[in-house]
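Quick look at what Swiss-Prot lists:
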BINDING   Cys60, Cys62, Cys75, Cys78  Zn(2+) 1 binding site
BINDING   Asp455, Asp457, Asp459  Mg(2+) binding site
BINDING   Cys824, Cys897, Cys904, Cys907  Zn(2+) 2 binding site
REGION    1195-1218  region 'Disordered'
Amino acid sequence: MIDVNSFNALKIGLASPEQIRSWSKGEVKKPETINYRTLKPEKEGLFCEKIFGPQKDWECHCGKYKRVRYKGIVCDRCGVEVTQSKVRRERMGHIELAAPVSHIWYFKGIPSRLGLLLNMSPRALEKVLYFASYVVIDPGETSLAKKQLLTETEYREYYDKFESQFKKGKGFKAMMGAEAIKELLKELDLEALTKELRNDLKTAKGQKKVRTVRRLEVAESFRKSGNKPEWMILDVIPVIPPDLRPMVQLDGGRFATSDLNDLYRRVINRNNRLKRLLNLGAPDIIVRNEKRMLQEAVDALIDNGRRGRAVTGPGNRPLKSLSDMLKGKQGRFRQNLLGKRVDYSGRSVIVVGPELKIYQCGLPKEMALELFKPFVMKRLVEKELSHNIKSAKRMVEKVRPEVWDVLEEVIKEHPVLLNRAPTLHRLGIQAFEPVLIEGRAIQIHPLVCPAYNADFDGDQMAVHLPLSAEAQAEARILMLASQNILNPKDGSPVATPTQDMVLGSYYLTLENTSDFKNDAYFSSPAEAVMAFRQKDIDMQEPIAVDVRNYEKKDFSLPENNKPSDSNLLITTVGKIIFNEIFPEDFPYVNGEKPGLNEYDWLKSGERIEDKLKQREPREAIQKGSLGDLVGHCYRKYGSTKTASILDKMKEVGYSYATKAGVTIGITDVAVPEKKHEIISDAEGKVDEVEKQHHRGLITPQERYTRVIDIWNNAKDSVTGAVMDNLDIFNPIYMMATSGARGNISQITQLAGMRGLMADPTGRIIDLPIKTNFREGLTVLEYFNSTHGARKGLADTALKTADSGYLTRRLVDVSQDVIVREEDCGETDGVEVGAITNGNEIIEGIGDRVVGRFAAADIRDRQGNMIVNRNELITEDAAEQIQEAKLDQVPIRSVLTCKTKNGVCVKCYGRDLATGAVANVGEAVGIIAAQSIGEPGTQLTMRTFHTGGVAGDDITQGLPRIEELFEARKPKGLAVISEIDGRITVKTEHNKRKVIVTPEKGEQKSYNIPYGARLKVKDGDEINAGDEITEGSINPHDLLKIKGVRGVQLYILQEVQKVYRMQGVDISDKHIEIIIRQMLKKVRIEEAGDTELLPGSYVDFFDFEKVNERIKEEGGEPAKAKSLLLGITKASLATDSFLSAASFQETTRVLTEAAIKGKVDPLIGLKENVIIGKLVPAGTGMPHYRNIDLAYNDEENEAQSDKSQDEQEIGEITVDMGE
């Protein structure tokens, strides 16, 4: 076997007949497989042991030699080499064909490679190959042209005329079949052909130019790769090893076999028949028919169904050919090379483990014993509880009592990986320290559920065991759940309390000012808590506490705003208890945010009651504020301390959710009195509108819009009434306002009215549902509400599949983007401003620049320096930028990074998952793809109509994201201006025209399509690339007008718009990485003195390199245009044929790669996974792999191993804390 680490690249090419024979261990001459009586392989058949090796280890066919001691001997009776049976997975055979046949990939692919080389149409080729016409090889003295087709009668005519020449082998010659094509290919002179084609290119135009470029490309491929064109015609066919196309006996004595064996049998049968016919000297027509059948049999073997009807097996099922073995989800690439099943794994149902620490998981005992079996056996022998491994294995299998103690020892500090499918982002696999538990379900910590998107309604999870010391170290340092607190997509905490924990914290920190009894003052927090335990005060009652005796909090922090003349803090017992979660140098949390204001302090002589009247009640802790607190802790203390704070939050949350005793009953759903009044009021208004419509005062469209408005307003009023009607301790109200479960609109549906519903097309029905679920719906109302419900379910199902496919394409396009160096030296950057929608700021400038490096010095309006060039913009700096109200800030961006095959640290900035600057080796491409793909399921699917409003529906949600990333011409296209200038709007013959007049140069006029809405008025100033009508811009047009930078920023803003509308935050840098990959290629317009072919796609960096070289030599450089490729196209245009072939269109990619003799440099992650090397990212990068460790002696070895681990963990915690 070859060692995967001993090579750096992989080359693919065409195999010559000699090469195929050299692979082979013998010729397969008979179609037989297995003898039905002896069940042994037939000699010279498809499973022959002489050719492919023995079926049983160390045993020849006739049984003369058995046992290892005869290793390597070839049996003199049966000719089988005595060796291991696994050679039957690697030894190949071959079939010598009686007549050459063409390879269907090169003849039938689009464009037909054979057709391009010979300059023949695929139709003509087909006629020749399948024996319908003759082709002239040598016209001799006839008036025919070379490569001209002749019918049978024409051929006879010429043959009779020029018989004498024909006999001598000179002059006129015409043939049919693959032999004829092979003759023509042999005669090709590639050097001359490429010269001639390059000359033709200079004059060619239109279609002819396109074809010439294509022909030149194929000819050049053959010339450069050293492949010979005649190798596209096969004389010999390789037979793949028999264990890759097995034949197994089923229970009933019947045999099941791989389809390939049937296909090979057909080829061998036809080939043998052809040989016999040729030996007998059969008539031409019979031989010809046999040759055609052989050609068809070989076609079916290589790619069944590519030409004509597919060969079917029993039950009319098309047989799976060699090509089908590679293609699709079940093919070799995606099924076995990219996704293998692994040993040391198990799966089980998950249940909640509320008493676990965040980095622990409960592992069922029997499962752990099976997973850790080898470790337990080794330990048993070490402890001399058993004498050898065999008896240790017996002990484990019999489950002796002492085994459990050893298991406890073994699993200590040995992390396991837990994975939940679907793994949408990297947080779908995390490492935990196992804790042995009884039962058969895996326990997981409630705080890691959001990351896995797990719940406990029967979800299952898989457990994997990292085996080597390195794998364990990586699992512990990088993947432990306590290290994965932040979400890589936007840097917000993902491990935040949910549901019960939120409800508990909310109940605990509520402030109830409604039934304020008396002023209560306490000398210390401990005294207040004691009074609460004695039931002297309520948990939610405002009290004043002297903070001088508060040991656990530091009130001198600036955030606490403590006045010098006051020591009394107005708070509640609940908040005192809640604040015990945080360290003493954390600001006191009295409302949503950490920190206090002047209304929280009581000066001497003031009363609590008076102070409460001056301010609104302080907010209770909701889900959002809990998340903010976690983020605050992470920035302040780093991951390890935050993890323990999270565990305390969980304890407090659950404990007080239990004490709150929140239940839900029908009486909690209180329908407000005002509801009926509001509804009858609305009905009156609707009647009024209907009357106006009947009198013809308003159009049906106006009536519809007004009715919808009336009911929407009515629903809003009802919502208000419902909320006013609920007590702050109402369980439903608490659940919704705390963010634990449900929302206001659901409360309105329970207690108010359900409101307007959409019909199946998405149009809103103007008859609302006036009742709520408490009162019950009428039959018609129930029917109306089924549309929306059904659409919701159908949408969800479709969305999941579409979103998964989008993620797959994104990963494929960006998988080779890795942080490769510290600084690429690029001086240019991108100007970034706030994202706005109309006048509303969607994302402020501070949020957009935080964690990036400045591309130039950033100063405020007074000229004071905020950030120097190439410095990281921290949270504080971002705040200063926000306060300075700067419009644009220059930052380093992935879009301008000069690193080849990746990005540099300075252009990427901060790694959002750790909050520190990214490391070299970080696989940022895949993180980007996951960050965009994972929220895809939350985006809406189809376009919603707001009830027949005129104008095209602008696509939104998932389809819009797909439209942008695939760089398609959008639906609802906007007309855009190609020049800067002033607008004039004209109407001629009922058609609207917009004329743009520039200051200099000629004006441009644009016809406005019917029904389009203008975005500009007469006399407006407009810039090139701006929209004239509403709609979406075609990115390809924008590329022509505004260039690369314009289209980059447009796609970025548009993608962000879709996600922001759904309330999903994604960092710009992720989208930038995908856009960078879409704009990586250029199309060569003029070749100059370079070797590049006009019309070919070339990587931008390679193009610049070639041009630099030509300039140095004094030649004329090539000219090229920027290309915008959709993500599917960009994935297929990658340099790696392995990555492209495993993505889509496998046969096309491999055909092209083989002709070009492509070399896969193994740069991306996918290609390395396919061939089984470590991925070149993270610790798999070359400069991490080439480190040698030297040890002094055994003892030090153990010591240094341990201390190094500790150091690394120590360092990591220090880093995080910075």
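Each Cβ is built from the backbone N, Cα and C atoms, and glycine gets one as well.
Recorded features from Swiss-Prot, shown on the structure.
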residue: Cys60; record: Zn(2+) 1 binding site; Cβ neighbours (10 Å): 24
residue: Cys62; record: Zn(2+) 1 binding site; Cβ neighbours (10 Å): 14
residue: Cys75; record: Zn(2+) 1 binding site; Cβ neighbours (10 Å): 20
residue: Cys78; record: Zn(2+) 1 binding site; Cβ neighbours (10 Å): 16
residue: Asp457; record: Mg(2+) binding site; Cβ neighbours (10 Å): 5
residue: Asp459; record: Mg(2+) binding site; Cβ neighbours (10 Å): 16
residue: Cys824; record: Zn(2+) 2 binding site; Cβ neighbours (10 Å): 18
residue: Cys897; record: Zn(2+) 2 binding site; Cβ neighbours (10 Å): 26
residue: Cys904; record: Zn(2+) 2 binding site; Cβ neighbours (10 Å): 22
residue: Cys907; record: Zn(2+) 2 binding site; Cβ neighbours (10 Å): 29
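In terms of C-alpha distance, the listed binding-site residues Cys62, Cys897, Cys907 place Cys907 closest to Asp457 (Mg(2+) binding site). Listed in sequence order, the residues of the same chain lying 6 or more apart from Asp455 (Mg(2+) binding site) and placing their CB within less than 8 Å of its CB are Cys449.
Apart from Cys824, Cys897, Cys904, Cys907, the Zn(2+) 2 site neighbourhood in this chain, defined by C-beta within 8 angstroms of the site C-beta centre, holds Glu821, Asp823, Glu826, Arg892, Val894, Thr896, Lys898, Thr899, Val903, Val905, Lys906, Tyr908. Here the candidates are the binding-site residues Cys60, Cys75, Cys78, and by Cα distance the one nearest Cys904 (Zn(2+) 2 binding site) turns out to be Cys60. If you measure from the Cα atom of Cys907 (Zn(2+) 2 binding site) to that of Asp459 (Mg(2+) binding site), you get 41 Å. Distance from the CA of Cys60 (Zn(2+) 1 binding site) to the CA of Cys824 (Zn(2+) 2 binding site) is 62 Å. Other than Asp455, Asp457, Asp459, the residues of this chain whose Cβ falls within 8 Å of the Cβ centroid of the Mg(2+) site are, in sequence order, Ile350, Ala454, Phe456, Gly458. Listed in chain order, the residues near the Zn(2+) 1 site other than Cys60, Cys62, Cys75, Cys78 are Glu49, His61, Gly63, Lys64, Tyr65, Asp76, Arg77, Gly79, Val80, each with its Cβ within 8 Å of the site Cβ centroid. Looking at Asp459 (Mg(2+) binding site) and Cys897 (Zn(2+) 2 binding site), their Cα atoms lie 43 Å from each other.
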